[in-house]
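To start, the structure itself, in structure tokens.
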Amino acid sequence: MTSLSDTGEFIAKKYEPKGPVVLDCQVNNIYYGDFRAVRDSHIPIEKNKVTGFIGPSGCGKSTVLRSMNRMNDLIDSFRFDGSIQYHSNDIYGKKIDPVVVRRYIGMVFQLPNPFSMSIYDNVAFGLRLNGYKGDEEEMVVKALKRAAIWDDVKDKLKNSGLSLSGGQQQRLCIARAIATEPDVLLMDEPCSALDPIATRQVEELMVELKEHYSVALVTHNMQQATRVADVTAFLGVDISKGGRTGYLVEMDDTHKIFEDPQQKLTQQYIRGEFS
Amino acid sequence: MVHDPFKQASSARTLSAPPSANDYMKDIVFRAFAYFCASAIILLVVYIVFEIGSEALPAIKTHGLGFITGTTWDANKGEFGVLPEIWGTLYSALIALVIGGVFGVGIAIFLTQSFVHAKLELVFRTTIELLAAIPSVVYGLWGIYVLIPLLRPGALWLHETFDWVPLFSTELSGPGLAPAALVLAIMILPTVAAISVDAFKRIPYRVKEAAYGMGATKWEVILKVMLPTASSGILAGLVLGFGRALGETMALAMLIGNVNNISFSLFSPANTLASLLASTFPEAGDIEVQALMYAALVLLVITFIVNVAGLAIQQYTMRKFEGKK
Ligand SMILES: Nc1ncnc2c1ncn2[C@@H]1O[C@H](COP(=O)(O)OP(=O)(O)OP(=O)(O)O)[C@@H](O)[C@H]1O
Ligand SMILES: [Mg+2]
């Protein structure tokens, strides 16, 4: 591991979580092949809170988020150095099967990606996978309602998920992800394809979800971060050494980040000033 | 002159311009060429069917539909019926489709779902595509000298142990349905595999990602998501393979035994339409040639029906899985 003091790289002041932590994410380095995408970031995801991730494009928000349920294991060149503690187990531990991790830590992706099957089957997919024994239809309807897509699709549950519009597909994917009520939900810009009304509804969903679960949310929308995130992490990009390595600049309660940021970079980013 | 009312009206600084007259010209020429090619193919097919049909006309008049239900082919008595050949054609092609389909799709899954390294995948793919380049005579010879002797002991054992199963009710005494269908399966394997590989490769990465993201295991991802998503493409491969199996001539003429016989048994000799044509033509007299033309017409019709049915199933799966109208 590269020690911080001898490279002189900036390291964020440690954020002290105020409540219990569900995912304690300690990134030392994340590589894609030789490319170092993210370095030295400690990002605890607190239980029953929405944790927001903001930062310029390419700073590694998606990369960090996708590390949290081992999605990036699908990429051959990906290498994670660090640890992510989930209920006192490192999800990168040798004995842990990523498939199990992903059953508890769900994900909504940046681009809609419904399966080529009916709308109903899309949402029921996770329930069937997890061997859910209860009333499947009830859970499917509930998930569709919570994802604010029920009114759009209630008359055509048998139609293919791919026959929906982009924004509808994204909400379908949200329904699919929440149908199994995962313990932690990772959402990568879930609203970037949604109109303001649907966006509001999805935001309400996040607030509702955090009562029982925990949410990590990547967003480019500052208002959204202030509206739903309890805690916000700001990631920046370090271009000083020729690379483009992302790192945590500052993490704190959302109002603190937006009203009284401690780092100059955070201030500039939030006010929209760039050098 | 190209009609463009916008150039004058729009702001003076815009770089937008309409396509030139030359661009339109190219468009028209290309279109005409494409129409020409497409209609040439249709004309060719119509011409072939017409030619065969008119050659077969006397036979059609003499034998009528009895030709399709008749079971003897005897030029001396002037008796012609192709039911055994129709049966043999469909039965052998169906067995080949099942075997070749299972292996072809299996190979496609193996090659595309990151079981093997990219370089090894190329080696496999090339090898499989090589199978398509082997002439069918060579398959026939291989069948006679290698496959039939190889199948004999197993066939004998199956027949002795399970002779109450219709599939194994006769002995394999040489050429027969089993070796013919197996060789057919190998011959359609490259088609099915190559087209299925493409169908799997066309699936966007984010679909696979979504499936893994739900916490599906590799087999769940493949069986529940990738396979349904690729199904319309795979079906196209199966239809093409089946069509190929229906029409295959040389290897079958060498391996199937050319006996007019309707039986479920895998080991009994049989006959197919294409192999009947190939083996009877050289010594056929005028009347028999007309009957053979009728048989060719029957084969064409069967192939046509199979293709249309395949297309219909494909459309159905597309609508069901992909929501395409
Ligand atoms: N599969 C990959 N292979 C190689 N490099 C990648 C891969 N995915 C991302 N990267 C690189 O990692 C860096 C961080 O990417 P990431 O997608 O995490 O950014 P992001 O913060 O989510 O950006 P955006 O806001 O635009 O979504 C980028 O420089 C990108 O080029
Ligand atoms: Mg991203």
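We count from 1, first residue shown onward.
Using N, Cα and C of the backbone, Cβ positions are placed for all residues, glycine too.
Bear in mind that TrEMBL entries carry predicted annotations, made automatically and left uncurated.
Quick look at what TrEMBL annotates:
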- B:86-310: domain 'ABC transmembrane type-1' (DOMAIN)
- B:28-50: transmembrane segment (TRANSMEM)
- B:90-116: transmembrane segment (TRANSMEM)
- B:128-148: transmembrane segment (TRANSMEM)
- B:177-200: transmembrane segment (TRANSMEM)
- B:221-242: transmembrane segment (TRANSMEM)
- B:291-313: transmembrane segment (TRANSMEM)
Contact call for the transmembrane segment (B:221-242) and the transmembrane segment (B:28-50): at least 3 Cβ pairs under 8 Å, seq gap 6+: no
Leading stretch by Cβ pairs under 8 Å, where the reference is the transmembrane segment (B:128-148) and the options are B:28-50, B:90-116, B:177-200, B:291-313: B:177-200
Positions on the same chain near the transmembrane segment (B:28-50), where near means CB under 8 A and six or more residues out: 297, 300
